[in-house]
Amino acid sequence: MPEVQRMTLTQFLIEQRRRYPDASGGFNGLILNVAMACKEIARAVAFGALGGLHGRAGGPDAAGAAINVQGEVQQKLDVLSNDTFLRVNEWGGYLAGMASEEMEAPYQIPAHYPRGKYLLVFDPLDGSSNIDVNVSVGSIFSVLRAPEGTADVTEQAFLQPGTAQVAAGYALYGPTTMLVLTVGNGVNGFTLDPNLGEFFLTHPDLRVPADTREFAINASNSRFWEAPIRQYVSECLAGQTGPRGKDFNMRWIASMVAEAHRILMRGGVFMYPRDTKDPARPGRLRLLYEANPIAFLMEQAGGRASTGRQALMSVAPNALHQRIGVIFGSRHEVERIERYHNEQTDPDLPNPLFNERSLFRASA
């Protein structure tokens, strides 16, 4: 293997800190602890079935399976990953509290550990339903400032808009383990060297192309889509002979981290929009620890993130596990989808997947 001099994550954080002479080392320590948690999870994921961690937590049958606060069946690796984030991050003295997809209420830092000035919110293992079929999964995290002068953090402390994030990122556990991070000054990707146990800067200054020919959406929900989404997808599927004048490819991995990573690497647009499948839910993805961190990364990389109706990071949260519609990726495509929402297109637009260019079109 050729010798290449690369900056480690620690060196990168030190360089960033030098831009702010009055900054303490606490923030760097927090990010390094998050990275350590991701290394442990990467190792557990890599062992797969050999580690005995595949399958549902609580038992193999649905009747005995563990259910999280979202009403979703927990995988064994969900539980392990959540415990790893808590254990690795609680002791450092950098945090006032944590919140996770897997826990109903905020996690209080134990009294015998020092209390810090940051909050950490995370999805410990995004895409965990893909574990048993060996599809890439990941961890998503966001760092916020904690309110001053409170002993125990409450849910309210975490209800900050995405614009208040201090840092955000994800770890992708795939053929290689990558940590993709923003501290509010661009987006950088680090690859884990499994021999040295170090993250090295391999993808500096990631940028999302403004234009794309790829989109990602779960087409099985097409009958529930609102008119602007149906219009956008219909135009993409019409290809070169349609109003867009070019062909598009459609992707869907069912792992948000993997989708976001592909878009950061080569462009694209991801849509998990609000729909009518469950009118009580304004979306599927969680605002605080899924949508906002990815939105921060996209915006810092020159892309855009939106609900379709407003900038994603401008949404004022009203609950710890609030769900929301999410659209992100190449700026020009996201702006087009926003424009379709603003124009309130025809609600009776035909479903593109079951009419023109479809195997399901009724014969005349």
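Each residue, glycine too, has its Cβ placed from N, Cα and C.
Sequence-distant neighbours of Asp123 (Mg(2+) 1 binding site) (same chain, 6+ residues apart, CB-CB distance under 8 A): Ser100, Glu101, Ser139, Ile140, Phe141, Arg286, Tyr289, Glu290. According to DSSP, Asp123 (Mg(2+) 1 binding site) sits within a strand segment. What Swiss-Prot lists as Mg(2+) 1 binding site is Glu101, Asp123, Leu125.
When Cβ atoms from all protein chains are considered, those within 10 Å of Glu290 (Mg(2+) 2 binding site) total 26, not counting its own. Among the features that Swiss-Prot reports, Mg(2+) 2 binding site is placed at Asp123, Asp126, Glu290, with the record citing sequence analysis.
According to Swiss-Prot, the feature substrate binding site maps to Asp126, Gly127, Ser128, Ser129, Asn218, an assignment based on sequence analysis. Around Asp126 (Mg(2+) 2 binding site), a 10 Å sphere centred on its CB holds 31 further CB atoms from the protein chains shown.
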Rounded Cα distance in angstrom between Leu125 (Mg(2+) 1 binding site) and Asn218 (substrate binding site) is 20
Residues close to Mg(2+) 2 site centre defined by Asp123, Asp126, Glu290, Cβ within 8 Å:
Glu101, Phe122, Gly127, Gly138, Ser139, Ile140, Met256, Val257, Leu285, Arg286, Tyr289, Pro293
Given the Mg(2+) 1 site Glu101, Asp123, Leu125, its other Cβ neighbours within 8 Å of the Cβ centroid, in chain order, are Asp78, Ser81, Asn82, Ser100, Glu102, Phe122, Pro124, Asp126, Ser128, Ser139, Ile140, Tyr289, Glu290
